[in-house]
Amino acid sequence: MTILCEHPPAFGVELEEKNNIPVDHDGQENELVLDEGFVVPDTNSFGHTFRDYDIESERQKGVEEFYRTNHINQTYGFVKRMREEYGKLNRVEMSIWECCELLNEFIDESDPDLDEPQIEHLLQTAEAIRKDYPDEDWLHLTGLIHDLGKVLLHPAFGELPQWAVVGDTFPVGCAFDESIVHHKYFTENPDCNNSAYNSKYGVYSEGCGLDRVFMSWGHDDYMYLVAKENKTTLPSAGLFIIRYHSFYTLHRAGAYRHLMNEEDVENLKWLKIFNKYDLYSKSKVRIDVEKVKPYYLSLIEKYFPAKLRW
Ligand SMILES: [Fe+2]
Ligand SMILES: [Fe+2]
């Protein structure tokens, strides 16, 4: 068995797969004890070390191909069109919990670290946070809902391709930072040759605030739009986590700080806490969904309307 970690820690990758697109979270060789006492086990639910792939090179090819397509197609214009189209929220009406159940139809088959439905990943993340931060109920709920935007893969949401739903995210409308995973593929992105978009600030200005920045389109930005437009009462840190949890080049490599404002700096602290749980919760024990459901329903009721427009 090998432990392979082809990206330095600066490049977290969250790829969920369908149709043989590989999935990837950063592996860690040793047991880590994180700041807040959350223990990161060195084995997954199968008792193997993380990232144990027999056909590593094939998987790697899949990841590269995924990012090549992603980097070529995620342009400023594309993101704008997707935000306009999906921002209409005219597809489905459902509660947060109903969306959790819908997402459950997507079970990750090619990720050797994951042998359970998405709903368990969501609840594992939420429950792990709840254990260490019992008073931050908004953070528990954020854990539960952070990946719900993956419903974009569902036929009712246009069955978007993987490259437009998952993977690391990054700003568009300004230069692509070199710390972005597989940066080389941006040379084929038309924005790279557009002087309006290829400078350090591009269409933005210093300290403008990340909420003004267009991010590559995917489940993060979509869920942020859903939560915001449905008037969630989650604190801004919760919305920040939802929108930027795959923005690894910011929270790992410290890129794009010149676009952040003071509120972003504060919220980034929570995002860094959150990400530890998102990455490692896959290895936690199975969750008794029915047992924890009443608690999460009460949080949903506290922070969201009964039915949301999606
Ligand atoms: Fe995610
Ligand atoms: Fe996640």
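Positions of Cβ are set from backbone N, Cα and C atoms, glycine also.
Unlike curated records, TrEMBL annotations are generated automatically.
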Residue in Asp278, Asp288 which TrEMBL records at the Fe cation site where His121, His146, Asp147, His219, His245 also bind: Asp278
Euclidean distance between Cα atoms of Asp278 (Fe cation binding site) and Ser246 (substrate binding site), Å: 10
Neighbour tally for His245 (Fe cation binding site), based on other Cβ positions within 10 Å of its Cβ: 24
Local backbone state of Ser246 (substrate binding site), from DSSP in three classes: coil
Proximal residue to Lys150 (substrate binding site) among binding-site residues His121, His219, His245, Asp278 (C-alpha distance): His219
Rounded Cα-Cα span from Asp168 (substrate binding site) to His245 (Fe cation binding site), Å: 9
